[in-house]
Amino acid sequence: MRYHDNIARSTEHLRAALPLMTRQRAALHPISYAVWYEFVSAINPPLSQAVLKHTAQGATLDEAQTWALYREHIGESLSSSDAEESRRLSEGLVRVLDTMAASAAEAGQETARFDNSLNNWVEQLLSSPSQQTHQDVLQELLNGTREIRGAMAVLQSQLAQSRHEISTLRDEVQKARSEALTDALTGLANRRAFDQQLSACMSNSPAQAQQEAPCLVLGDIDFFKRINDSFGHGFGDQVLRIVAQTLKNVAADQALAARVGGEEFALLLPTASLGQAQLLAEKLRSTVAAGRIRRGNVAQDIERVTISMGVTQWQRGESANSFYERADRALYASKHGGRNCVTVLEAQAA
Ligand SMILES: Nc1nc2c(ncn2[C@@H]2O[C@H](COP(=O)(O)OP(=O)(O)OP(=O)(O)O)[C@@H](O)[C@H]2O)c(=O)[nH]1
């Protein structure tokens with residue numbers, strides 16, 4: 001998932017995006033919402049520039065332009081499940097907006113009618129000295145006021161209902177966002193969250209060569225297939241959850257812990273020396289190796305679980321792929337070196 005604003009920020013973006021969206025010629029659908037959300041949250045500079053270019057001198061975006069901007073600057077980064085979730089939530093948003101717009105229009109008509117009546121009544125009062133006319137007009141005024149009060153009460157309750165729906169939608173957006181970044185089995189960050197953090201880490205890394213750059217620790221459970229084959233997939237899952245918990249404990253607040261593949265894990269340290277990353281990897285390796293995992297209620301320990309690790313540090317200017325591949329090479333050096341060990345690969349030596 002590419003969006004990680006908290007509720008307050010995303011509500012601000014929603015408020016900023018809605019008026020912009022409704023000003024365009026394109027319909028209010030998930031695609032236009034994605035374009036305007038990314039525009040107002042400034043997370044996608046190329047998209048923002050393209051939008052500004054298209055909307056220079058008061059021009060508005062039509063359907064085809066909106067889709068083209070989406071395809072060129074957003075589309076490929078969204079998975080189909082994101083798109084489906086986004087479609088569902090945006091439909092909800094459009095429904096709420098439609099209801100609010102209809103209620104506001106109705107209340108507006110009601111107020112205009114009342115205003116007309118008021119003018120008539122004032123004219124009648126001023127032009128007729130008759131007591132009876134005065135009484136009739138006052139009665140009509142009373143009835144008219146009751147009606148407008150009733151219409152306002154309906155509008156207020158519809159607005160309260162819309163507020164409630166928006167708040168539910170906001171919660172759903174938040175939940176969807178968090179689910180899209182979390183590995184369902186282990187609760188760790190998933191590969192997508194990891195990739196996002198990795199590129200954020202690389203772009204936020206200080207330019208000075210003497211400051212520490214991000215380090216990456218990759219770990220892969222040894223002979224995991226054998227664990228699955230011997231004790232079943234359910235037990236394999238349990239092992240994955242326990243190793244993930246160990247990762248979380250070891251990483252604490254020093255590193256992002258993620259499950260990046262079936263039985264493959266990663267620790268991303270935003271700023272650390274290679275030595276510190278190696279120490280963390282060693283701590284993780286030894287903690288996993290020292291643990292014993294019990295199968296259900298059977299009071300019998302299985303063979304210990306071990307994990308092989310690869311460690312490296314980002315070299316300024318290199319791509320995320322090259323950084324990740326070096327950590328992977330270090331990991332496979334550990335596998336070929338007998339497993340249950342840590343291999344460190346420096347960028348210059350790779
Ligand atoms: N239980 C369970 N197994 C999984 C999951 N994802 C992948 N696997 C299994 O993980 C196993 C990985 O096996 P291999 O890639 O052969 O690796 P390995 O047996 O750990 O061997 P080495 O890595 O060489 O030590 C496969 O049997 C996959 O089916 C999962 O979510 N749950």
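Cβ coordinates come from backbone N, Cα and C, glycine included.
Any TrEMBL annotation is an automated prediction that lacks curation.
Feature annotation from TrEMBL assigns coiled coil to 152-179. Panel annotation: around the coiled coil (152-179), residues 1, 3-4, 7, 10-11, 14, 85, 89, 92-93, 95-96, 99-100, 103-104, 106-107 of the same chain, lying at least six beyond its termini, place a Cβ under 8 Å from a Cβ of the stretch.
Annotated domain 'GGDEF' per TrEMBL: 212-347, in sequence order.
For the domain 'GGDEF' (212-347), the predicted model reports an average pLDDT of 91.
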